[in-house]
Ligand code: SAM
Ligand code: SF4
């Protein structure tokens with residue numbers, strides 16, 4: 001029995017494999033981190049992420065919970081140690097908590113170090129206790145402003161009070177919360193120091209993200225781009241920022257703000273190259289594996305599993321995809337069209 005219904009389970013066995021990273025790409029990088037988008041749908045419509053009237057994918061194209069479990073578990077069996085569930089908004093996917101409950105077996109077996117999620121926080125108050133109960137110890141919550149009117153405008157209808165209640169609930173359950181803030185030249189540039197202070201005062205790390213040219217939205221994105229190099233320089237005028245060595249293998253660089261004592265991450269995919277140490281790949285909610293956020297490389301793992309592939313054939317397909325992981329990305333904000341046509345909500349942030 002699967003935890004979802006009474007169809008036969010097809011999880012890849014992790015028991016017979018030797019532990020340790022075995023997914024090594026063509027440039028010698030070990031892939032140990034998988035992000036999985038569990039849905040393209042969302043209860044918000046952030047202006048930099050989605051168009052106001054989005055056409056979402058037909059249900060048949062989206063992986064079932066069993067398929068998501070099978071694919072994620074196959075990667076765990078191949079040495080992935082960290083799994084981040086994202087979307088769209090993961091907490092609006094029907095049956096999401098059953099998926100978390102099922103995947104938590106890899107935490108208990110020791111195959112996985114961390115099961116985590118990125119959420120807009122709007123449903124977090126309701127689900128925080130369940131998440132903590134299934135071993136989720138950290139969540140990333142996206143929050144671009146504390147101003148109710150601006151939040152409503154940026155998310156096209158969201159309520160910032162619900163997000164803050166969600167953060168409160170997660171922290172009350174003992175989870176570490178990291179705030180993700182997209183830096184927007186015209187909307188929140190002035191509020192960034194206040195957001196950092198607010199996050200650090202409540203014991204949260206905060207990471208600033210440059211807007212990335214992913215997917216068509218309703219406006220000119222070059223106009224919103226705010227270089228974090230400039231933000232860092234501005235913050236340095238009144239704060240002491242000390243570099244902290246980074247061990248995440250991701251695009252974030254971290255600094256400690258001496259005055260607040262908190263950690264600040266800066267994700268600068270456009271103005272900084274982070275590809276040499278990249279340890280991650282992304283699986284979309286349609287089962288497409290992207291081995292680089294900034295390129296259009298893609299492997300259709302849904303086709304593999306829906307063709308009836310057995311575990312060995314699935315593993316072969318994963319190895320083939322990983323071996324062609326590109327050396328680096330291809331972003332250019334000045335380009336009039338997105339470097340990558342897919343939306344962040346499909347790929348998973
Ligand atoms: N709905 C969840 C959330 O908002 O946290 C998870 C998915 S969302 C696509 C993941 C992250 O991607 C969020 O922090 C969001 O701000 C960020 N994001 C979305 N579109 C982006 C873009 N074009 N450039 C940079 N970050 C983006
Ligand atoms: Fe939804 Fe997250 Fe995209 Fe905002 S950033 S529209 S919350 S998926």
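Placed from the backbone N, Cα and C atoms, the Cβ positions cover glycine too.
TrEMBL annotates 275, 278 as [4Fe-4S] cluster 2-binding residues; of 204, 292, the candidate listed for that same site is 292. Among the binding-site residues 46, 49, 88, 278, the residues whose Cβ lies under 6 Å from any atom of ligand 2 are, in sequence order, 46, 49, 88. In this structure the C-alpha atoms belonging to residue 118 (GTP binding site) and residue 49 ([4Fe-4S] cluster 1 binding site) are separated by 14 Å. Here the C-alpha separation of residue 42 ([4Fe-4S] cluster 1 binding site) and residue 292 ([4Fe-4S] cluster 2 binding site) works out to 23 Å. Checking the binding-site residues 48, 49, 142, 280 against ligand 1, the ones with a C-beta less than 6 Å from an atom of that molecule are 48, 49, 142. Around residue 142 (S-adenosyl-L-methionine binding site), a 10 Å sphere centred on its CB holds 23 further CB atoms from the protein chains shown. For the pair residue 35 (GTP binding site) and residue 292 ([4Fe-4S] cluster 2 binding site), the Cα-Cα distance reads 12 Å. Within 10 Å of the C-beta of residue 42 ([4Fe-4S] cluster 1 binding site) we count 21 further C-beta atoms, all protein chains included.
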